[in-house]
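**Q** Please read through the structure below; I'll follow up with questions.
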Amino acid sequence: MDLERLSPRNPVKKESWWTVLTLAYQSLGVVYGDLATSPLYVYKSTFAEDITHSETNEEIFGVLSLIFWTLTLIPLVKYVFIVLRADDNGEGGTFALYSLLCRHARISSLPNFQLADEDLSEYKKNSGENPMRLKVPGWSLKNTLEKHKFLQNMLLVLALIGTCMVIGDGVLTPAISVFSAVSGLELSMSKQQHQYVEVPVVCAILILLFSLQHYGTHRLGFVFAPIVLAWLLCISTIGVYNIFHWNPHVYKALSPYYIYKFLKKTRKRGWMSLGGILLCITGSEAMFADLGHFTQLSIQIAFTFAVYPSLILAYMGQAAYLSKHHVLQSDYRIGFYVSVPEQIRWPVLAIAILAAVVGSQAIITGTFSIIKQCTSLGCFPKVKIVHTSSRMHGQIYIPEINWTLMLLCLAVTVGFRDTKHISNASGLAVITVMLVTTCLMSLVIVLCWRKSSLYALAFIFFFGTIEVLYFSASLIKFLEGAWVPVALSFIFLLIMYVWHYGTLKRYEFDVQNKVSINWLLTLFGSSNLGIVRVHGIGVINTELVSGIPAIFSHFITNLPAFHQVVVFLCVKSVPVPHVKPEERFLVGRVGPKEYRLYRCIARYGYRDVHKDDVEFENDLICSIAEFIRSDKPLNYSPDPENESGINERLTVVAASSSNLEGVQIYEDDGSDKQEPSSSSEVIMVAPSPRFKKRVRFVLPESARIDRSAEEELTELTEAREAGMAFIMGHSYVRAKSGSSVMKKIAINFGYDFLRRNSRGPCYGLSTPHASTLEVGMVYIV
């Protein structure tokens with residue numbers, strides 16, 4: 001299932017109906033697996049203990065009415081028709097909403113923000129709109145957010161809470177989905193046998209599921225959609241059969257009047273049972289979170305014309321069967337499989353297990369994606385990210401997270417041993433994410449859509465009231481399983497916030513202790529300091545977008561030598577999902593031209609994939625060569641903190657892999673196997689006996705460069721032949737004396753523990769390990 005090929009991010013003017021329908025079909029397997037399997041456990045969880053099924057049928061009809069209107073109002077109205085429109089350049093999810101708010105309110109959790117970042121083509125959605133059209137409440141809200149750091153932190157914490165609950169759902173969804181699917185075995189064996197078989201079978205399936213993650217889903221992705229489609233056809237067909245066979249008048253229960261009768265009769269018990277009913281919308285958030293792989297129209301079509309009617313028919317069919325079967329042999333027989341005709345139970349069981357695995361797979365890969373986004377935005381320690389597909393950028397695998405999820409999932413399964421407690425936990429996680437989305441959407445309506453605050457108030461009041469009602473019913477089950485997502489979210493939130501706090505403090509230290517450019521120019525201009533310049537290119541990795549990092553002076557102090565070409569490289573994330581390759585690099589000079597000092601800023605979106613080290617090196621060198629050739633600052637921002645008064649002018653330079661009309665680089669071992677076109681101008685040097693590699697820059701046919709630029713390119717060629725060395729800081733952060741106890745605990749213990757147990761500073765920066773030198777420094781923050 002090649003989602004990348006049909007992705008709306010590709011430069012297609014308008015998707016054809018065939019493309020839209022194909023995407024809608026594929027979305028069944030990626031987006032709706034979790035939502036489609038909810039009929040397996042909704043009725044069973046609802047009637048677990050709070051309410052009982054009586055001969056009046058008021059309970060079963062009231063529950064059916066609640067399910068119908070919940071499915072209609074939350075997934076259909078809220079998500080399909082409203083929330084899906086709040087995409088971040090085609091991307092969805094909690095971080096997409098947070099990113100939109102950060103850009104429109106000009107706030108950011110990323111410390112190294114630049115005004116030049118606002119020139120990115122994806123930075124402003126609907127950039128043609130006049131910002132003066134923002135209404136008075138919008139201006140007031142925008143100014144309030146910009147002025148108060150506390151509110152910015154609260155907005156970040158709110159987004160992180162939603163993210164942590166999604167991670168918690170990644171633990172609970174596989175457990176409850178597989179548990180409910182396997183529960184069909186209870187009808188073919190005694191209760192004594194069943195209690196010894198069910199848990200081991202569930203654990204075996206879960207272990208197999210998590211063990212296969214490193215292979216990636218692209219190899220089996222093509223069967224996901226057929227499995228979910230077969231499941232939807234199965235439950236809808238069984239539903240239609242049960243409706244006509246047992247109770248054709250069950251449709252009357254769709255009236256809201258039955259909700260009133262249900263709550264009037266059951267009162268507090270009915271309210272407490274809402275925690276089971278809300279499971280009918282579990283997986284709805286995936287419609288928005290997975291928007292980046294599809295289009296709004298394809299997801300809307302798939303839900304409106306396939307998923308929604310199938311689920312309604314399935315729930316109506318179960319209610320029709322139960323309305324004629326009031327005396328059940330055992331408590332656990334209120335469930336999905338009891339309404340399945342006995343002749344087809346085994347095939348349905350097989351399809352249900354496959355559908356549960358597909359639904360679990362979707363939430364697991366979604367958890368991987370969220371962790372990657374958090375890492376990109378500096379809110380999670382660096383972890384190993386493996387790209388399992390060269391064609392589909394979203395297919396990733398994170399070993400540490402995978403095994404952690406598996407252990408937690410097995411612990412939940414073995415610890416609870418039934419769906420009642422797991423459903424209580426899953427319900428709280430699901431409704432919390434939806435509440436966070438509702439809160440963020442109300443801000444998006446005012447700040448991004450520039451609507452009246454009345455629309456935002458109406459949105460948060462209507463949907464917030466429904467969700468708060470479900471949230472309260474889930475929270476009351478805190479001691480009966482609902483504590484699990486709270487505990488998991490608290491742990492992950494603590495990890496994220498401590499890491500983010502430590503990262504900010506480390507950056508503040510870098511800013512306060514950066515070296516004066518005058519010192520650097522004096523160092524380069526003096527011949528009496530014993531500083532030796534060696535062949536090659538020295539790349540100084542730093543998070544600073546201006547100034548000279550302290551690690552460079554620390555390096556020079558201990559090793560008085562530097563390369564003939566020095567590049568201060570900053571690889572940073574920006575609050576957009578993707579940065580176009582032609583806008584990736586910002587290149588400028590540091591000091592006079594003859595010193596061969598450059599600054600290069602590589603910008604990535606929170607969903608971008610970092611290139612491998614060889615391609616990144618070539619793009620970096622070609623961007624500098626293109627800057628030398630053009631030497632005309634296009635988009636630049638002066639550095640207000642420059643202590644020498646020399647402005648660093650930064651030019652947007654396209655990566656060589658995407659700019660065929662720019663400077664191209666050719667490298668070989670001197671055997672002339674690959675010769676550039678004779679119509680292009682070639683900058684090269686005579687083969688040197690010291691270096692085996694030969695480097696040539698091929699300029700565009702129309703390129704005209706002066707003598708000094710040609711000399712500079714020649715020197716860059718010589719330096720590239722000599723090789724590149726990457727120098728980066730390895731920080732040891734400590735709280736300064738006099739800090740509060742909480743700060744000392746957070747920095748000296750929390751952040752230090754996370755730093756020591758996460759990937760090193762060079763990981764994920766597209767730098768070759770063999771050419772990397774780490775400079776240790778102690779940061780007193």
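Glycine is treated like the rest: Cβ placed from N, Cα and C.
Dumping what Swiss-Prot says about this protein:
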- 1-16: topological domain 'Cytoplasmic' (TOPO_DOM)
- 17-37: transmembrane segment (TRANSMEM)
- 38-62: topological domain 'Extracellular' (TOPO_DOM)
- 63-83: transmembrane segment (TRANSMEM)
- 84-155: topological domain 'Cytoplasmic' (TOPO_DOM)
- 156-176: transmembrane segment (TRANSMEM)
- 177-195: topological domain 'Extracellular' (TOPO_DOM)
- 196-216: transmembrane segment (TRANSMEM)
- 220-240: transmembrane segment (TRANSMEM)
- 241-273: topological domain 'Extracellular' (TOPO_DOM)
- 274-294: transmembrane segment (TRANSMEM)
- 297-317: transmembrane segment (TRANSMEM)
- 318-347: topological domain 'Extracellular' (TOPO_DOM)
- 348-368: transmembrane segment (TRANSMEM)
- 369-395: topological domain 'Cytoplasmic' (TOPO_DOM)
- 396-416: transmembrane segment (TRANSMEM)
- 417-426: topological domain 'Extracellular' (TOPO_DOM)
- ASN424: N-linked glycosylation site (CARBOHYD)
- 427-447: transmembrane segment (TRANSMEM)
- 448-455: topological domain 'Cytoplasmic' (TOPO_DOM)
- 456-476: transmembrane segment (TRANSMEM)
- 478-498: transmembrane segment (TRANSMEM)
- 499-781: topological domain 'Cytoplasmic' (TOPO_DOM)
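For the listed features, I'd like the structural context: burial, neighbours, distances.
**A** Long-range contacts of the topological domain 'Extracellular' (38-62) within its own chain (CB-CB distance under 8 A, at least 6 residues past either end) are made by residues 176-177, 179-181, 183, 235, 250, 252-253, 258-259, 261-263, 265-266, 269-270, 272-273, 275-277, 279-283, 311, 314-315, 318-319, 322-323, 326, 328, 332, 334-336, 352, 356, 419-420, 423-424, 427.
If you look at the transmembrane segment (63-83), the same-chain residues 6 or more away from its ends with a CB under 8 A from one of its CBs are 35, 42-43, 46-47, 51, 250, 253-259, 262, 273-274, 277-278, 280-281, 284-285, 287-288, 299-300, 303-304, 308, 311-312, 315-316, 319, 434, 437-438, 441, 459, 463, 466-467.
Proximity of distant same-chain residues to the transmembrane segment (156-176), defined by a Cβ-Cβ separation under 8 Å and at least 6 residues beyond the stretch ends, is recorded for 34, 41, 94-95, 97-98, 109, 202, 206, 209, 282-283, 285, 289, 359-360, 363-364, 366-367, 370-371, 374, 379, 405, 408-409, 412-413, 419, 422-423, 425-426, 429-430, 432-433, 436-437, 439-440, 484-485, 488-490, 492-493, 496-497, 500.
Across the topological domain 'Extracellular' (177-195), the model assigns an average pLDDT of 75.
Same-chain residues lying 6 or more positions outside the transmembrane segment (196-216) and placing a CB less than 8 Å from one of its CB atoms are 174-175, 178-179, 182-183, 185-186, 189, 353, 357, 360-361, 364, 386, 388-389, 395, 397, 399, 402-403, 405-406, 409-410, 413-414, 417.
For the topological domain 'Extracellular' (241-273), same-chain residues at least 6 beyond its ends with a Cβ under 8 Å from one of its own Cβ atoms are 46-47, 50-51, 58-66, 68-69, 313, 316-321, 323-324, 339, 341, 469, 472-473, 476-477.
Outside the transmembrane segment (274-294), and at least 6 residues removed from its termini, the chain residues within Cβ reach (under 8 Å) are 3, 7-9, 23-24, 26-27, 30-36, 38-39, 41-42, 44-48, 50, 63, 66-67, 70-71, 74-75, 79-80, 83-84, 87, 90-94, 96, 166, 169, 173, 303, 311, 315, 359, 362-363, 366, 369-370, 394, 423-424, 426-428, 430-431, 433-434, 437, 469-470, 473-474, 476-477, 482, 577, 607.
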**Q** Sort out the residues at least 6 away from either end of the transmembrane segment (17-37), same chain, that have Cβ-Cβ distances under 8 Å to it, and list them.
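**A** Hits for the transmembrane segment (17-37): 1, 3, 6, 75, 173, 177, 180-181, 221, 223-229, 231-232, 235, 281-284, 286-287, 290, 293-295, 297-299, 301-303, 306-307, 310-311, 352, 355-356, 358-363.
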**Q** Can you say which of 220-240, 348-368, 396-416, 456-476, 478-498 has the most Cβ pairs under 8 Å with the transmembrane segment (297-317)?
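**A** The stretch with the most close Cβ contacts to the transmembrane segment (297-317) is 220-240.
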**Q** Tally Cβ pairs under 8 Å between the transmembrane segment (427-447) and each listed stretch (220-240, 348-368, 396-416, 478-498), then give the stretch with the top tally.
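**A** Stretch with maximum Cβ contacts: 478-498.
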**Q** When each of 348-368, 396-416, 456-476 is checked against the transmembrane segment (220-240) for Cβ pairs under 8 Å, which one has the most?
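**A** Per the Cβ count, the answer is 348-368.
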**Q** Taking residues 6+ outside the transmembrane segment (348-368), which of them lie with a CB under 8 Å of any CB in it?
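**A** Residues 29-31, 33-37, 40, 166-167, 169-170, 173-174, 177-178, 180-182, 184-185, 205, 209-210, 213, 217, 224, 227-228, 230-231, 234, 238, 283, 286, 289-290, 336-337, 340, 394-398, 401-402, 405 contact the transmembrane segment (348-368) from elsewhere in the chain.
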**Q** Starting from the Cβ of ASN424 (N-linked glycosylation site), draw a 10 Å sphere and report how many other Cβ atoms land inside it.
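**A** The answer is 29.
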**Q** Would you kindly list the residues that approach the topological domain 'Extracellular' (417-426) from elsewhere in its chain, counting only those six or more residues past its ends and only Cβ-Cβ distances under 8 Å?
**A** 41, 44-45, 48-49, 169, 172-173, 175-176, 179-180, 183, 199, 275-276, 279, 282, 474, 477, 480-485
